[in-house]
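Worksheet: one structure, shown below.
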């Protein structure tokens, strides 16, 4: 395992609160603190702080995000900070997933249906390969990393070591490749495939987009090279390397037979149990389905729904937690939980939802009881595997604060911008008062966010302001995700001035142009008017030098009081810091390009007749999670062009695919 130090490449040094936050977090980890919290206000550069902490500690790090989009954004940022180190992306590889389910009321069985994205699967394999081979690894993952992922020891044991000069019989090597689930295809080489041409073996590894070419002289390996899959050009010659399995789930032949025996024993016991309850139909169904699966396992080593037998295939005891991505990490690793107030509850919720569905399948004879052990980790199992953790949030949850032995605040923004000034005004005449405030902002070409409690009120308010000549739009639940992003971009670009919505808390609302946030009915207690929600909403104006928040209310609730006190406390600290250091707040300059809109633009060009030309800027703007579907689109068009003998057009598609793949795996 190599041990290259982490080295940050950034055009700026830590400023404001960042140096003290970095120093405290690093000292806390070195002192053995198991849990710490970085309580960082919006726009204070929390990702940069965490990157500096990772650099100082030099530990393999898992960064956990609560959705794919945030994971992609974090991965992009960290790759820009650490171009010399391995920054990997690990999310669910399903483009579409319908889990197996049974609805007793209508006697409806829904078979599992899924579509696996090959590009994301490659990135998952790349992450585990990096964890085996080096220590300078950062894996940015979604919550899917707490699901089972084979057995690391078996995966590593199954890897095939190759070395120049070593005596290796080619036929034996081909058998080994088949054992670790590579398939021979002498026509079309790709991920998880190999081909032989004379004394040359070419392998498409599961974990990267380069081809491995192994050249033999008799039974001796003469050369090992990485070659370009499109041009065949040699990219790198190496002395030795490991070929890792094409799938994370690797089961040796002896364990497979033992698993079949254990499955048969469990089947007999469960059939007897169902018959004792007079569930004859369920017993017959279970026996028929399981015996078919057993025959498939014995003949081909695989069956549909094989994951439901994972407990037996892995040799685990009943109730024992499955191995997951965390088990691939070497010792002395670090966990960073981003937006912990959202991510930590996700960890708690995954197990319960999974078990409710499985129980119905087991009770009605569709699955053996052991299928319940094909599951995500329970929260207590997850935290038992965690050695040291840093929670990151502007509004950390009560649990994170309770378990943290150190809470490090990061309040000062590098730009000197302070938290918004807060005003509380009565609800009587609130609409006319708000209209006057909106007019002031429109005259200064600034933007306004307004949050209401109901969709109806948002619609009525929008109509009222439109009649009075205000350029206004509103967001609601029926607007899909892409339209929502387009509306937000239009607000930033000045196509309209006021955005009204019910819940404007969702991640991604980074709007430096917004100078006023108005919260109507702020004294109506509930989720949307809770302390953390109010702080998050007020924070939407925290990126503007003239940021203000107006809370319309007739009473001062406890949530309002706490949110106002916290915002004013931060504001006082920020103002004092600026005065002491002679800092004049500078407006945040942020380009309005959006990764998802860049993806849409490319998609539209893909559907045009000519082959798209992707500029470097367009590639840079694309989000990682949006690249795999683009590659699939281009591959389909490339194959269609080749079948029509339009080889020049197919070659241009091929070149674009290569550029997208390079961007995906982090190559410049």
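Glycine is no exception: its Cβ is also placed from the backbone N, Cα and C atoms.
Quantities reported herein were computed from a predicted structural model and do not represent experimental measurements.
What Swiss-Prot lists as ATP binding site is 40, 41, 42, 43, 44, 45, 46, 47. In sequence order, 74, 77, 78 are the residues of the chain that are 6 or more apart from residue 47 (ATP binding site) and have a CB within less than 8 Å of its CB.
Over the domain 'Helicase ATP-binding' (27-413) the predicted model carries a mean pLDDT of 92. Look at Swiss-Prot and you will find 27-413 tagged as domain 'Helicase ATP-binding'.
Positions annotated as domain 'Helicase C-terminal' by Swiss-Prot, on the basis of sequence analysis: 430-596.
Among the features that Swiss-Prot reports, domain 'UVR' is placed at 628-663.
Annotation comment: Swiss-Prot describes 93-116 as motif 'Beta-hairpin'.
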Residues satisfying Cβ distance under 8 Å from residue 40 (ATP binding site), sequence separation of at least 6:
21, 46, 49, 392, 393, 394, 409, 410, 411
If you take the centroid of the Cβ atoms of 40, 41, 42, 43, 44, 45, 46, 47, the listed ATP site, which other residues of that chain have their Cβ within 8 Å of it?
49, 394, 410, 413
Which entry in the list of binding-site residues, 42, 44, has its Cβ near the fewest other Cβ atoms, using 10 Å as the limit?
42
Tell me whether residue 40 (ATP binding site) sits in a helix, a strand or coil according to DSSP.
strand
Among the binding-site residues 43, 45, which residue has its Cβ surrounded by the fewest other Cβ atoms within 10 Å?
43
Could you tally the C-beta atoms, other than its own, that fall within 10 angstroms of the C-beta of residue 46 (ATP binding site)?
22
